[in-house]
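TrEMBL annotations:
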- 309-335: compositional bias 'Acidic residues' (COMPBIAS)
- 20-54: domain 'EF-hand' (DOMAIN)
- 378-464: domain 'PI-PLC Y-box' (DOMAIN)
- 465-593: domain 'C2' (DOMAIN)
- 252-341: region 'Disordered' (REGION)
Amino acid sequence: MSRYRVCLCFTIKFRIVEAEPPQDVKDAFKKYAKDGEHMTAEELQQFLVAVQGEAGASVAEAVGMVEKVLQERHHNTKTVRHTLTLEDFQHYLFSADLNPPIRDKVHHDMEAPLSHYFIFTGHNSYLTGNQLSSDSSDVPIIKAVKNGVRVVELDLWPNSDKSAVEVRHGGTLTTPVELTKCLQSIKDNAFTENQYPVIITLEDHLTPPLQKKVAQVITATFQEMLFRPDECEGLKEFPSPEDLKKRIIISTKPPQQFTADNEDKSNNNSNKGKRWRLGAPPLPFTLPKFFKCGSGASKKGPRKNYSSDQEDEAKIDEDDDHSSECSQDNEDNDASDPGSMQSKALEYKHLISIHAEKPKGELKDALKVELDKVKRISFSEGKLKRAALSHAMEVVRFTQNNVLRIFPKGTRFNSSNYNPLTGWMHGAQMVAFNMQGHGKYLWWMQGLFRSNGGCGYVKKPKILMQGDKVFDPKAEFVGEKTILKVKVYMGDGWRSDFKRTHFDCYSPPDFYARVGIVGVPADKKMYATEEKNNNWTPVWDKEFTFELIVPELALLRVEVRDHDDIDKDDFAGQTCLLVSELKQGIRAVPLYNKKGDKYNSVKLLMRFDFV
């Protein structure tokens, strides 16, 4: 019995009724438990194969499953019973640990080049809050890499007396954090949860002496963990995540003074026959000089002629791109010792595994695919939108072998995020997100990267990698549709994870579930169940059907809310799952809070069928 005080005079009592197993669960138990009362391990194995689609399930695995269920439910290791009752069977199905909706191990091919994967990417990874006045810290970096983020962005600036390097958002009131602290935190935490490589993208605004210090501290910190290519002018092909396990990769723009025309020929000869090598020796060198661009510097050329509706967005793109080019676009032409300069530039350039280039000129030039050379370019979200309208297929073709990074527009001061699907539909590997910017777009991002064991690398679908027939995101999709049926049986766990009055001071919650697809425009759809009034364990038993044209790029989105007649409906949990990762059959689906952290107990019982 649950009591809620309505006023000082009286209370209302609500009976707590434990929900029975759904009819589908009862029917399945009756069908596979031959005696109708107890299900043996052999019978459970038959259910796993026929209903859950687990063709490789063995009797031995079923035996282990039965033992785990009995131990969890009855806490008796000496029980003589080795079969499941209906209640035991329901417990098994409703266990997110024993019966998850997606595979929890790495299972994608990890031996393709890095450009063949979506990579979990952070933006301004050191910020704890907004983009203007929050603290810089290594704490969000640690959390990010432990949660699967594989691309960390660091903005490098001189400290006040220009004697050391700070990580901060230049031109703002954000407080700094020491570079050495960030690098050490990456080293200590990057591979505690998975061993796949971490890429550090550097946006440096430093003088040559400070660039030298950065190179030295990176080498001293990571040592043999650091990946270094032998090709000073860039890789001909990216290595694979499998090749780069437990490696740190540096990506930034190389020094502009060093070109193929002045490269030391002896180094060319020594590098023949190798595509890349691992490890990095000490770096006792100085770097080429550049004029310093301060945090408040502004570099403006002639005003461009934009139409009124393009001007603001174009201005944003210019401001965003400015910071990344500032430190290296103003050159000091003093080259009194060309041989020494070349040698030092070569050593610095060897730290950079993934060469970043600033797109210049027209879009078609930026997206030009070069033979025997791969690179990374960056677009703001606004620039990507324009490219998607005019050069969609060229973007897809570029991303088949090269890396495209997308970053938030400069006006997202509150660290909000943008729709990542535009980037994914065009093959962009690094869709950079503010991990502290909570909301539905971050939920989608987290949902994609729950795939493949949460390792931070998700193999791009074949439709984005077909060289002979380039995918056109703008095309009217035709052809055979994939039918996905999703049934929401019930939910549970809120009583354990929330206070009795969290949703309503006067009664139990009125939960309803929203179930939908996010993907290409033709596949987007959202449904909702009816509300279940005054019930902590809602039973909806509702099925929805989705006809998917491009299931490879579809995410299943699930959200639970408590209906409120007066105020905004209260949030009660969410999850997103890549459709292609869904496991068939009746599954326990854990829910997450607004930040993306998994609740201890809250989950749904659902069914997924592809017909």
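In case you wondered, yes, glycine gets a Cβ from its N, Cα and C as well.
Remember, it's a predicted structure, so these values are computed and weren't measured experimentally.
Outside the domain 'EF-hand' (20-54) by six or more residues, the chain places 61-63, 65-66, 81-90, 93, 487, 489-490, 539, 541, 583-586, 605, 607 with a CB less than 8 A from a CB of the stretch. Across the residues of the domain 'C2' (465-593), the predicted structure has a mean pLDDT of 94. Note on the domain 'C2' (465-593): DSSP counts are 13 helix, 59 strand, 57 coil. With helix defined as DSSP H, G or I and strand as E or B, the domain 'PI-PLC Y-box' (378-464) counts 38 helix, 14 strand, 35 coil.
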